[in-house]
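For reference, the structure is listed below as structure tokens.
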Amino acid sequence: MRIPCTFMAPTVMTRIVTLLLSCLLAWLPVAASAQEDNGQALLEALDVRAFSEKAAAIEDVIESQDPRANAWLEALLDGKLQRLKDDGSFVIVTDNVGRQWPVEDALSGESLGEVSRRDLDRITINNALRGQLRSALSMIDLFAESREARQAAAQKLIGKVDAELSETLERRLESEEDDQVRRRLEQAMAVYRLEQGDVQAVERLTGSLNSDIRVALTRASQSDDAAVADAAQRALVSIEQQLKLNRGLETLYFGLSLGSVLVLAAIGLAITFGVMGVINMAHGELIMLGAYTTWAMQQLLPGQPGLAVILSIPAGFLVAALAGIAIERSVIQFLKGRPLETLLATFGVSLILQQLVRTVISPLNRTVVTPEWMSGSLVINDALSLTLNRLYVLGFALVVFAGLMLVMRRTRLGLEVRAVTQNRAMARAMGIRATRVDILTFALGSGVAGLAGVALAQLTNVGPNLGQSYIIDSFMVVVFGGVGNLWGTLVAGMSLGIINQVLEPWAGAVLAKILVLVFIILFIQKRPRGLFPQKGRAAEG
Amino acid sequence: MHWLGRPFQERSTQRFLGILIVALAVVTVLNLALPAGHPLHVSTYTVTLLGKYLSYALLAVAVDLVWGYLGILSLGHGAFFALGGYAMGMYLMRQIGDRGVYGHPVLPDFMVFLNWDSLPWYWQGFDMAWFAFAMVLLAPGVLALVFGFLAFRSRVTGVYLSIITQALTFALMLAFFRNEMGFGGNNGLTDFKELLGFNLRSDVTRVGLFIASGVALALGYIVCRAIVGSKLGRVCIASRDAEARTRFLGYRVERVQLFVFVVSAMLAGVAGALYVPQVGIINPSEFSPLFSIEIVVWVALGGRATLYGAVIGAILVNYAKTVFTGVMPEAWLFALGGLFVLVTVLLPKGIAGLLAWRFKRSESSGPGHGDLTAGEATT
């Protein structure tokens, strides 16, 4: 979030910042006791009515070189620096949720237990003060222990450097050892030098994707100095190209991510529908069961969302597989060779399962907590970052696909499945128990749907309608890829995902989806057996 | 016109039309002739409800025509129904004139709300009744023609066709949900005032719509009966039971399929057009795949390939829906889902199958009826 610094003149802000920096640079651990009284006075000064006096008081706090200044200012910014009503002592609220707030003494740092919010007075600030505080605090971060904090602080400075600050930054650059932080500091300096009309500075900025740098270059490209304008213009063109490339990569990533979701949802169907020829309209609800399993696991293991997600991979598989077996035994086995009836009956099952979840759990959506190691994103550069949860789901989809390929190609079960689907009577004559193979295959396909649910729970809300929204897409993917062909499902899912994402920017999400559906409908007219039609005996089934 | 006369010679058609006419007459008389307090008085609310059931029944007959006699399980007939409904809805919207909330002389309320300054081209002409009624037939008919032409020409049949029809209605639902489409977005079209100059709120208009639904059902039934009883109908049944063989015998199966599919879509459109003024609203939920598949269950429950079974199924299921959603709404999906399973697993011939079994001795259905044989299935 950009902070409104416009309320205060830049020079004032810079003065504060520079003051702060100089005190930090010169900072040495000072015995707290020597400043005990001083601290009380500093805080007293903050609790005045006029905001202009407060601004001055904040400067005093910064100048005081007090080691607790950082904590005070942060608390002040968050509205957590408060005063007890009865004795007027200053406290910092550590957690302002509920009615009883745990507080600690602002001067000594001792915990004072919980205090009712009614017994506290907040020290108020306005937006101008907030801006002042934020910039001061961000400078403090430049000296933080952690690399990430320093990087972020340096990043924020790009485009905000002026003469006074640049000297401080020069000094900071001498002592900074981390390359990333250095690079950003140098960029911040280069933007400043560019503003001063230094053509050489452009060189340092070329290739950067930072938006503040682009703003600075754009401004420079309109400057009166032809050399500067020209250099900036050239830099901008090359940046623009890189940006385009990155946007392309981002679209590709989102496409692959959507594709992986489609593949996950459809791959189980590719087994039950594609290989066995059973139309299971309840497939989406099996996905939903997998997602709810994840949610239930997290309820069972509170505080350990990561472990729960990992455990729900086998659990989701089992739950969905068992549900699949139940559907196969109770409905599908009686409708062998009547695909349209199977379609209707399993649709009925899907309605029952949906309503069951609505009645037993809740009609409302449930949220699955994303474990820490799955949240956040992988930052490639300033313009491209890949969200981790989608990356995990993409990897998971590929692993599931590879596993399924192995089962179908390399195991006894896979062999028997293929035998039974190609020629049931002959397979039985060879001693294969066809009924057992039916059950196991259906369980496998259903279990994979459960796995899809576990993955989907990381991306969307878990609700009774979760499955419904994927069933048509899944069938489309299987039909598009070619029934009975797992590779076809992978290629179809991924390409549909990418097509959808490519169309989305200029057509909008809904229209893109419609266009993809229409595209598939037309495609099937042209190639009724999909991208990769089966050849040979299996095709006749 | 002797092909249209033939149905009247069939015992089942005579019986069906007889029951329908008597029911229409009785309900009308009980509503109009008896005072409101009378114990036998049928309230206007009930009449409208029955009218809604009758338009659903016509829709079910349309689905039975393609599913029962052609073997095409359409999971997208709700789309044709909704298109007919939207055509009627657009006419009714234009009839509102300047009586809308915003009082704009031409633009419907939702367009004023969206800051549109003129009527989109596809709304032109809907202020004329004849044009709108023609569109009730044409909009679903043309969609079915284009879709069917593409599908049947490349011999997409069976489950594939079912799934594509489902995708069709799903895509249309998404499209109609968009405000930019100019069909009122997810609120749809509503707040109708009058139809052909009759106030839609008045009791007489409601009874009139009820009778119109009954007459439309009767006509639709006769048309379907005439089709399935003709030589064309035999080809339909033949292609349902053995498509490749019929083709080898020299019949252009895809043309037969296309013709019947378009007729069915038009009937569905008429049903939608009758449905809209009675319920007073049309919105994109009529396009939802769930609704389309529900229609199929009405037919399945009533009994495929009988036509009158579709009518029985539609009325029974919708009556059950009315009762269930009133008494215990959360149980309705359980009941509907259970119905899907029970009918397909235990009652493959539906209620009509039970009736036929009961009356087997007294009446033989005769040739050309196209009763389903147990093992038939089109893949």
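The backbone N, Cα and C atoms fix where each Cβ goes, and this holds for glycine too.
Unlike curated entries, TrEMBL annotations are predicted automatically.
Here's what TrEMBL has on this protein:
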type     : residues  : note
TRANSMEM : B:16-36   : transmembrane segment
TRANSMEM : B:56-89   : transmembrane segment
TRANSMEM : B:101-123 : transmembrane segment
TRANSMEM : B:129-152 : transmembrane segment
TRANSMEM : B:159-177 : transmembrane segment
TRANSMEM : B:204-224 : transmembrane segment
TRANSMEM : B:256-275 : transmembrane segment
TRANSMEM : B:295-319 : transmembrane segment
TRANSMEM : B:331-357 : transmembrane segment
| Leading contact stretch, B:16-36, B:101-123, B:256-275 vs the transmembrane segment (B:129-152) - CB distance under 8 Å | B:256-275
| Paired segments the transmembrane segment (B:204-224) and the transmembrane segment (B:16-36) in contact, 3+ CB pairs under 8 A | yes
| Stretch in B:16-36, B:56-89, B:159-177, B:295-319, B:331-357 most in contact with the transmembrane segment (B:256-275), if contact is a CB pair under 8 A | B:56-89
| query | What stretch, picked from B:16-36, B:56-89, B:295-319, B:331-357, has the most CB pairs under 8 A with the transmembrane segment (B:159-177)? | reply | B:56-89
| query | Can you name the far-off residues of the same chain, 6+ from the ends of the transmembrane segment (B:331-357), with a Cβ under 8 Å from a Cβ of it? | reply | 294, 297, 299-304, 306, 308-309, 312-313, 316-317, 320-321, 324-325, 365, 371-372, 374
| request: Quickly jot the same-chain residues contacting the transmembrane segment (B:56-89) by Cβ under 8 Å, restricted to those at least six beyond its ends, or write none. | output: 126, 132, 135-137, 139-140, 143-144, 157-159, 161-163, 165-169, 172, 176, 183, 188-189, 192, 213, 216-217, 220-221, 224, 227-228, 233, 236-237, 239-241, 243, 256-257, 260-261, 263-277, 282, 284, 286-289, 291-293, 295-296, 298-299, 302, 304-307, 309-311, 313-315, 318, 370, 372, 376, 378
